[in-house]
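S.K.: Please read through the structure below; I'll follow up with questions.
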Amino acid sequence: MSAGVVGRLRVDGDVSPRLNASVRSERRADTHVRTETAAGSQHGQHVHRTPSEPSARVALLGTGNVGKAVLDRLAGWDGTPRGDSLALVHAGNSRGALRGERLCPADIKRRLVDGSPWQPDPALANLSGVADALAGTGPAHRIIIDATASGEVADHHARWLAQGIHVVTACKLGLGTTLERWQDIHDAAAHGSTRYGDSATVGAGLPLLRNIRDLQAGGDTIHAIAGVLSGSLAWLFNHYDGKKPFSELVDEARQAGYTEPDPREDLSGDDVRRKILILARAAGVPLASDEVEVESLLDPAGPETGQDRHGARGEDTGVSPSLDALLQQLHRAAAAKGEQLRYIARLHNGRATVRLETLDATHPLASGAGTDNKLAIWSDRYREQPLVIQGPGAGAEVTAAGLLDDALRIARSTPD
């Protein structure tokens with residue numbers, strides 16, 4: 001279910017979005033999470049050493065920004081117990097792949113990413129053959145790290161899990177789309193006695209899903225969750241002061257790399273919808289994808305008459321002149337009351353919403369900086385003061401760290 005902020009304001013005739021006053025002034029228990037940045041590649045002379053037997057054989061899919069950060073981090077671990085435990089045996093992208101026993105991450109990055117004259121083998125990019133690359137003797141786990149945003153790759157997750165291969169992913173197209181696919185992934189993991197590492201799907205590796213699951217495992221009952229779940233939208237509303245058109249700020253964010261190349265992917269609310277679906281399902285609320293009420297920041301009526309599809313200035317921001325004007329009104333109305341504009345995802349009483357809200361300055365989600373994600377959890381244990389988790393929610397380095405944290409947890413476990 002989807003609607004636009006422009007459309008809602010036209011219907012309501014009210015420039016102040018409504019907010020449930022019962023949660024405006026609740027205090028909070030803050031958990032500030034520090035996320036280690038990715039280690040850089042080691043330089044200088046390489047000293048030959050014999051690594052210990054690996055705990056896991058790893059295939060990396062995707063060499064975009066996140067995949068490159070994974071390779072950099074693995075290269076930085078060369079010669080350490082962490083590096084020894086993960087043997088990279090396959091690395092590929094849509095153009096091809098490379099295979100071998102204990103591939104050198106720095107070399108793989110040069111060949112797959114940096115344009116080295118050594119070319120990958122296109123035939124090895126076939127996803128159905130990735131399992132073959134992980135075959136080997138010994139007790140080592142088999143792990144696929146999915147650093148793509150590909151629906152085609154996500155289609156294979158359940159198949160790999162059922163084959164006894166663990167999957168670690170930042171892609172939300174597995175758990176954050178249809179309820180049927182979500183169930184297939186869980187059933188396949190149970191059938192294959194495998195694990196699905198999903199920490200990086202929401203919050204770029206912040207312990208959001210882990211805290212929800214730990215609370216439930218400890219017998220706590222979760223009553224509601226609410227959060228700022230988009231790093232790009234967090235940055236936009238942390239910087240928006242009503243003086244400069246929102247469309248210009250979106251263009252700045254795009255040029256700085258805070259948004260997707262097409263900012264409409266962020267402004268549509270679809271990314272946040274997938275994240276609240278993943279969180280809701282982890283909290284025991286098996287919502288279908290169309291049960292989330294989404295208020296898009298895109299004008300559902302499309303561009304104004306006489307404008308191109310990207311707005312008045314022809315910039316590829318997806319922000320219409322109508323939204324520029326309405327957000328300016330909203331900001332003025334909120335500022336007059338000491339409130340903040342925030343794009344919030346909520347789950348309460350089995351209902352999930354994604355919409356623009358005004359928050360009182362004392363609300364646990366009102367403050368923020370940069371691209372920080374923030375999640376508040378109300379439960380039996382945290383009834384009066386919600387548990388609040390905050391930290392970097394976007395960026396290749398923190399996402400790569402989340403992926404490899406999951407991979408290491410699997411590698412350190414005892415193979416079945």
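Keep in mind that glycine also has a Cβ here, set from the backbone N, Cα and C atoms.
Annotations per TrEMBL:
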REGION    17-54  region 'Disordered'
COMPBIAS  24-35  compositional bias 'Basic and acidic residues'
DOMAIN    62-194  domain 'Aspartate/homoserine dehydrogenase NAD-binding'
BINDING   Gly62, Thr63, Gly64, Asn65, Val66, Gly67  NADP(+) binding site
BINDING   Thr148, Lys172  NADPH binding site
BINDING   Glu260  L-homoserine binding site
ACT_SITE  Lys275  active site, proton donor
S.K.: Checking your reading of the structure: which of the recorded positions Gly62, Gly64, Asn65, Lys275 lie inside a 10 Å Cα sphere centred on Lys172 (NADPH binding site)?
M.R.: Lys275
S.K.: With DSSP, how much of the domain 'Aspartate/homoserine dehydrogenase NAD-binding' (62-194) is helix, how much strand and how much coil, in residues?
M.R.: 61 helix, 23 strand, 49 coil
S.K.: Ten-angstrom check, please: count other Cβ atoms within 10 Å of the Cβ of Gly62 (NADP(+) binding site), all chains counted.
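M.R.: I get 24 for this one.
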S.K.: Ranked by the number of other Cβ atoms within 10 Å of their own Cβ, which of the binding-site residues Gly64, Gly67 ranks first?
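M.R.: Checking each of Gly64, Gly67, the winner is Gly67.
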S.K.: Should any of the recorded positions Thr148, Glu260, Lys275 have a Cα within 10 Å of the Cα of Val66 (NADP(+) binding site), which are they?
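M.R.: Those near Val66 (NADP(+) binding site) - Cα within 10 Å - are Thr148, in sequence order.
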S.K.: Around the C-beta of Lys275 (active site, proton donor), how many further C-beta atoms are within 10 angstroms, looking at every protein chain?
M.R.: 25
S.K.: Specify the nearest of the recorded positions Thr148, Glu260, Lys275 to Gly62 (NADP(+) binding site), where nearness means the distance between Cα atoms.
M.R.: Thr148
S.K.: Return the count of C-beta atoms lying within 10 angstroms of the C-beta of Thr63 (NADP(+) binding site), excluding that atom itself.
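M.R.: 25, counting other Cβ atoms within 10 Å of Thr63 (NADP(+) binding site).
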S.K.: If you skip the near sequence neighbours and keep only those at least six away, which residues in the chain come within under 8 angstroms of Asn65 (NADP(+) binding site), Cβ to Cβ?
M.R.: Ala396
